[in-house]
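Inspection log for the structure reproduced underneath, given as C-alpha cells.
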C-alpha cells in the first residue's frame, strides 16, 4: 500500500526563515561582533589597496592585472553578500531573515561563486596564451578582448543565478527552520513542500555543463603550461612567477567550495557546531582575505610598487622628523 501523501494546502506560506545555527553568546557576542567587523574592514581595505594600485599605475594596465582586478572586485561583492548580514544577526537577539532578503543573499553568494569560476578560467587562458603562445599574445589578448572576457565572466552568471533564484522564489515553503548561518539555495529548497524536480534538474545541468566545463578549461590550460615548462627554462621561470599565485588561489577557493558542498549534502550532526561554522564561512571569508596578500606579495610588479611606495613614505616621514631639528634630508 502506497504511503499517504502529505497535504500542505492548508499550510500558510512561510515569509520568514529562522537561522538555527546562532546561539546565545552572552557577553561574548560583542567581542565576536567586533572581531568580525575588523575582519570585514581588513578584507575591504586589503582588496581595495590592490585594486587602487592596479587602476592608478599605467604599468599595471595589462590583461593579467585587469583580470586580477576583476577577481578582487568580485571578492568584495561576495564579502558584501555575507558580512553585513552576519553582523546584523550577531547584533540581534532573534535570528530570522525574510524570504525576499534570503533570496537576495542567495543571489549575491552564488553570483560570487560563479564569477570566481569564470574569472579563474579566463586567467588560466590568459596565462596559457602568455606562456605557450608568447609571439601571438599581444595580438590575441588585446585590451578590448580582455574587457570582453571580463564582461562575459560577470554577465553570464547573472542569467544563470537569476533563473535559479526565480525557480526557488516561486516555491511554497511549509517549514521555516534553516539549519545554517546564512541562506543557501540547497538548504532553502529542502524546506519546500512543492515538487522540486525542476530545481534539481536545473542545478545538475548547470553544474555539469558550465562549472565542469570551466574546470576542464582550467585543467587543459595549466596542463599545456606544465608541458611547456619542461621544455623551456625561460618559460618555466615565467610560469612559476605568474601561475603559482593563480593555482594557490584556485586551490583555496576549490577547497572552500568543496567544504560547503559537503556541509549541505551530508549529515554533519556528529561534527562540533563550531567546526561546522568555520567550514561554512571558509569559502567566502578566507578567499578575499587570502588573495590580496597572495597576489600583492607574489606578483613582482605589484610587490615592487608597494615596496617603492613604502620606501618613499619612510623617507618622507624621516625627513619630516629630522627637519624639526634642522637636519632635513632634502
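From the backbone N, Cα and C atoms, a Cβ is placed for every residue, glycine too.
Keep in mind that what you see is a predicted model, and the values were worked out from it rather than measured.
Pulled from TrEMBL:
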type	residues	note
DOMAIN	46-295	domain 'G-protein coupled receptors family 1 profile'
TRANSMEM	30-55	transmembrane segment
TRANSMEM	67-91	transmembrane segment
TRANSMEM	103-125	transmembrane segment
TRANSMEM	146-171	transmembrane segment
TRANSMEM	204-226	transmembrane segment
TRANSMEM	247-266	transmembrane segment
TRANSMEM	278-299	transmembrane segment
Exercise. Taking the transmembrane segment (67-91) as reference, which of 103-125, 146-171, 204-226, 247-266, 278-299 has the most Cβ pairs under 8 angstroms?
Worked result: 103-125
Problem set entry | For the domain 'G-protein coupled receptors family 1 profile' (46-295), the mean pLDDT of the predicted model | 87
